[in-house]
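Novice: After the structure tokens below, expect a handful of questions from me.
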Amino acid sequence: MYIKSLQLINYRNYENLSIKLCPNVNVFIGDNAQGKTNVIEAIYYCGFAKSHRTNRDKELIEWNKDRAFIRLDVHKDRLDKIIDVNILKDGKKAISINSIKISKIGELIGTFNVVMFSPEDLKIVKESPGIRRRFIDMELSQLNKRYYHNLVQYNKVLHERNLVLKNKNINEEMLDIYDIQLAQYGENIIKTRLKYIEQLNKYSKEIHKEITSGKEEIEFKYISTVKDLDNIKDSMIKLLEQNRKKDIDKRATSIGPHRDDFNIYLNNIDAKIYGSQGQQRTSVLTIKFASLKIIKEITGEYPVLLLDDVLSELDFNRKRYVLTSIKNIQTVITCTGIEDLTSYLDENSKVFRVINGRIQC
């Protein structure tokens, strides 16, 4: 899979941009605040219908304009797919695939597979469980339509249950109904996550050993509020009932995959608590390259890899690993200088220079 071309109109600082990408390595070079990350962001948006930088779509629209437009021409499964995105100032968006308008975001997710590595991804190791849940949910949603459906339905039921918990007069019968529904959707979510963690461990083992020259072993462990993972549905219903009084007091649901997490261990030591920043960054690098392999295993094609200003933060060995591992993967790289890349680029690579919302090839 690879991107053939990208068009932007009134997107961030791009008034009108149309570029063709090569199926191999594409490097966007420029000083800070020139628009390099805006290109990455627009590509990412076509995969998930959301930015990785903001939840406010109107920020994507150029100043004093009414709308922004993205067109991504993608070659996937031996077919060309054109994704069109119109973003309006009122927060609405209109998306079409091959000129057919979609009615739900779920119809887009999985059409264009993408993995991104940016400096913010260090949060996957360092910060709250919500960051790690979001990572695993995004990865699984683009691979598994059923998972995305279960996640959407689970969150709807969770919202309704929490509304009941906030009422002065608690409707116990409604809570009974919501408990069963949560457990049904929650079981599917947890089972799929557990399988993903297995795959993550399978691929990460060799990747991390290679990056660290065999000095470290990495392992991921899923941490669930549901203790009996052999009987998730019944166990979850029971725990929701047992914790109902606490949930009523706190006005929030305490059991379920929305409270789960996964831990990252380096040589059996918790990377979040005891890992150095270098070790944490290497862990994220491992996760991202394992994600590439998982997507290849499931779909038969590598996704597009987006590397947003991360090479400058990697040491020589890690940088070399990245640049020697992307030969068969379309990669979009942003950076301020090309000096460290020249020996890894060839006649099949493409270099773009970004200057204040204008791109020269």
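Just so you know, glycine gets a Cβ as well, placed from its N, Cα and C.
Predicted, not measured: the structure shown is a model, and the values here were computed from it.
Residues or ranges marked as ATP binding site in Swiss-Prot: Gly30, Asp31, Asn32, Ala33, Gln34, Gly35, Lys36, Thr37.
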Novice: Could you tally the C-beta atoms, other than its own, that fall within 10 angstroms of the C-beta of Thr37 (ATP binding site)?
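Specialist: Counting Cβ neighbours of Thr37 (ATP binding site) within 10 Å gives 21.
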Novice: Which one, from the binding-site residues Asn32, Gln34, has the smallest tally of other C-beta atoms lying within 10 Å of its C-beta?
Specialist: Asn32
Novice: Measuring CB to CB from Asp31 (ATP binding site), give everything in the same chain under 8 Å that is also at least six residues away in sequence.
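Specialist: Expected: Thr336.
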Novice: Ten-angstrom check, please: count other Cβ atoms within 10 Å of the Cβ of Gly30 (ATP binding site), all chains counted.
Specialist: 20
Novice: Which number gives the other C-beta atoms within 10 angstroms of the C-beta of Lys36 (ATP binding site), all protein chains shown included?
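Specialist: Total other Cβ atoms inside 10 Å, all chains included: 25.
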